[in-house]
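If you look up TrEMBL, you'll see 106-515 marked as domain 'Amino acid transporter transmembrane'. Among the features that TrEMBL reports, transmembrane segment is placed at 137-159, 188-208, 258-277, 297-314, 345-365, 389-411, 432-453, 459-480, 492-518.
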């Protein structure tokens, strides 16, 4: 560290001693004698959960006459912030060390890539050819590309907004929304879409995973099998119990291995499905003509529903801040750097999966794509007898494994919210038995909804419309509110245009999805999963 001697006649040693006291904490690295101790021992000696977070750490333990020692302790605190072991979030929100999202902060770029891949690609990608049936070849590719670039930009905005200039980290989408729009308005705008997207995705994963388990058993067992097959409801129960058992892993970092397995299986089965569909050829009755609409309004609503399906394929923005919250952060090494590195790699892989699925799937099946299962159902329906049993079994097994892993990451914000209620009320961490009970209760609730409302799989367009503001609109508006770009600048115009367009598009997509359901209809059957 270079020191400037500001008074004539001072020796370098005296000037260095004065600099230790006067330099701000974040600039001191080796001046304090306490630096001979390891950072971990310093952390262990500090209070774990301060009960009065209003005052700084040092001022609560120093007496009025201990000013030099107080400055030394403050310098140690600054050093710990520099190396990333002690962040302002820990001081501002002491309960975060007890919650499953921020309980562990040893994440890295690899973890972010695993989690992003596991949450960003899955069964929703198999529905993309269904959107092309309404949009056609050209507009389908154009809309897919525009929404891909749009959501990638808003993803970058969220990563930049994770750390504020004051040092506070927003490790949950809801907290960032409250910081941008105010407490009441932020909750009103974001709480329902976040919980609806997380819970609705988990319910849909039970349907996809349980239904695929049934298909897997039928393929393995064959027509000559004498074992009595389980019903669809029983397969839902098997999947739900497996998901509940896996959900007992304590925090978001602990499921990094699960996310890695989920990412590998998602990429594998997406690739296998579109490759097999193209190799096996098109059915004889395939057609690429847009479905006949009774009126212009019906045609417009069909297009809006297709945009909702594409938007739903890019769900997962409600998990970006949570994933970034598992990383250490400091002023020198902010978490946004490794997070963006991992996200870029993940979305390169996602693009390599989504585009072949959408284009190849539409080429292979055209308007014959089933509305419920997308390309997976089309593969079983049109090429089930021509494709080898081993390949079909492997594809089904990968779908089940990916559904189990995706369930964990989408359920984590729900678990975190429940435990936050407990820690805020009782000012202590959630006991292990209550944590296990909360997760089992959520699994049972998701299972009940999947059995009671098995037609939810047909509502991809509606789900996409509800989740669309979280993905395309809110990040732009939050950037304007928090970063306050200069009026009439390029950033100001761009974010206002995208934010307002995203809100309008969300409303139109929801209206289009509801109109589509009302006119075309869906098979509504309560408590009768098929």
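Yeah, the Cβs are placed from backbone N, Cα and C, and that goes for glycine too.
Non-local neighbours of the transmembrane segment (492-518) in the same chain are 150, 153-154, 157, 297-298, 300-305, 307-308, 311, 458-459, 461-462, 464-466, 468-469, 471-474, 476-477, 479-480, 485-486; each lies 6+ residues outside the stretch with a CB under 8 Å from one of its CB atoms. Put simply, of 258-277, 345-365, 432-453, 459-480, the stretch with the most CB pairs closer than 8 A to the transmembrane segment (389-411) is 258-277. Each of 137-159, 297-314, 345-365, 432-453, 459-480 was scored by its Cβ pairs under 8 Å to the transmembrane segment (258-277), and the highest score goes to 345-365.
By number of Cβ pairs under 8 Å, the transmembrane segment (297-314) is matched best by 459-480 from the list 137-159, 345-365, 432-453, 459-480. Recorded stretches compared: 137-159, 432-453, 459-480; the one with the most Cβ pairs under 8 Å to the transmembrane segment (345-365) is 137-159. Outside the transmembrane segment (432-453) by six or more residues, the chain places 100, 199, 202-204, 206-207, 210, 233, 236-237, 240-241, 243-244, 247-248, 250, 411, 414-415, 418-419, 422, 526-527, 529 with a CB less than 8 A from a CB of the stretch. Long-range contacts of the transmembrane segment (137-159) within the same chain, counting only residues at least 6 positions beyond its ends with a Cβ under 8 Å from a Cβ of the stretch, are 128, 131, 173, 176, 288, 306-307, 310-311, 314, 317, 320-321, 324, 336, 339-340, 343, 347, 351, 354-355, 358-359, 362, 471-472, 475-476, 478-479, 495, 498, 502.
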